[in-house]
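So that you can see what the record holds, here are the features copied from TrEMBL:
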- HIS361: active site, GMP-histidine intermediate (ACT_SITE)
- ASP72, HIS147: Mn(2+) 1 binding site (BINDING)
- ASN146, HIS147, PHE148, LEU149, GLU150, PRO337, ILE338, ASN339, MET340, SER344, HIS361, GLY362, ALA363, GLY364: GMP binding site (BINDING)
- HIS164, HIS290: Mn(2+) 2 binding site (BINDING)
Amino acid sequence: MFEIQGKYNKAKVFATTVENECISQITEMCNQKWLKDCQIAIMPDTHAGKGATIGTTIKLKDKVSPSLVGVDISCGMLIVEIPDCLKLDLEKIDKFINDYIPAGFEVNKEKSKEINYCFINKLKCFDKLKHIEHIEKSLGSLGGGNHFLEINESNNGKRYLVVHSGSRNLGKQVADIYQNLADEHCNNTKLKRDSLRKELVKELKDQGRQQEIQKALEKFDRKNTEEKSIAHDLCYLEGQDMKDYLHDCLICNRYASLNRRIIVQRILDFIVEDNGYKNCAVWIDEYQAHQFEFGFENNQIDIRSYGWETIHNYIGDDNILRKGAISAQQGEKVIIPINMRDGSIIAIGKGNPDYNYSGPHGAGRLMSRKTAKDSITLKDFEDTMKSVYTSSVCQSTVDESPMAYKRIDDILKNIEDSVEVLDIIKPIYNFKAH
């Protein structure tokens, strides 16, 4: 661990390798007066991001910058254990996913009935949203980039279905709306000050007190010292605007969680039917926060299984902002993805206060997408993925190859203080948008 000191704050960095751009972003964050006295901890998988550092955690006070949460609000992982009675035909599953789970920029042809449970119309910023129908049809779609679907196996033979996806275009629109509002709040202060100065001058003139104008303006300027404008990505909200943003983040969280559940349920529906279980009611329910029960039943059978959800890019009930970081409270079960060859870490949180009760959300990128595309050959990508059934290894996904991410050994060394590793599950099947 090392510390980065800024003008108003410092950050604890729990990473061994940090690129210069990342250090610059962290320093700039610590230079913000509004973050004074907020505890900042940077996770081991940190790397530079758009506008702010991936792997950032902050114990907030009375202000928040939407850009520090990011545009994919409540992106996360849902993992469900696949019952032993279900056989897996990976070729058939891959065809089903390619045909029926929209990925990349694709959305569903029709909106899902579950959209009514998202309460999008309750968003405080609802009137500013665009392309509502597109948002509705996106529910139950994977997205692109590092989002994925996997079937994994543990050392003891347990199999898991894992989906990594988020709030899709809804989260991006909400983030952009509130960051623009934050910019107006922070950087229109000069316009407001100039307007108030003019009003003061007019008021004194109307009262015939012209001789008092100069002293009144000097007193006004001393009281209203002009502050340097804040970079767009670090502008903040406070008061009612912050409350509205947090309210809308909860709705985005609901949308993202339901999005993952719909994807998982569609795939499980197919697997159950492919195994010959006819007329089965397949369901997946949240029985407590981020804990899920899955099952299918008919007159002859009643099968139950369980899973859980680990999210990032959000502000928790503990008022901790996590951008590219996860909650790792004492006893909390988490999943940390590594890459499409090495799978994911299943762990239990240690509740370390130095880490802001958090952990890394993944391995973290070793190469930018451009660098990966320029330096990793398709053949090397194909060779390293030979042990995994996938139709997603192609030129367009080279930037998602295992070599583009930090090594699992490096991550394991750096997470010992935040989580206890229970298992490492390896992929037997992987799907990404291609």
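Glycine residues also receive a Cβ, built from the backbone N, Cα and C atoms like all the rest.
Note that the structure is predicted; figures quoted are calculated from it, not measured.
Each residue contributes its Cα atom, and for MET340 (GMP binding site) and HIS361 (active site, GMP-histidine intermediate) those atoms are 15 Å apart. Among the recorded positions HIS164, ILE338, HIS361, ALA363, the residue whose Cα lies closest in space to that of HIS147 (Mn(2+) 1 binding site) is HIS164. The recorded positions near HIS164 (Mn(2+) 2 binding site), taking a 10 angstroms Cα-Cα threshold over the set ILE338, HIS361, ALA363, amount to none.
Secondary structure at ALA363 (GMP binding site), taken from DSSP and collapsed to helix, strand or coil, is coil. Across the structure, HIS290 (Mn(2+) 2 binding site) and ALA363 (GMP binding site) place their CA atoms 22 angstrom apart. Annotation: ILE338 are the binding-site residues among ASP72, PHE148, ILE338 whose CA atoms are within 10 angstroms of the CA of HIS361 (active site, GMP-histidine intermediate). DSSP assigns HIS164 (Mn(2+) 2 binding site) to a strand in the three-state reduction. It is 12 Å from the Cα atom of ASN146 (GMP binding site) to that of ASP72 (Mn(2+) 1 binding site). Under the three-state DSSP scheme, MET340 (GMP binding site) falls in the coil class.
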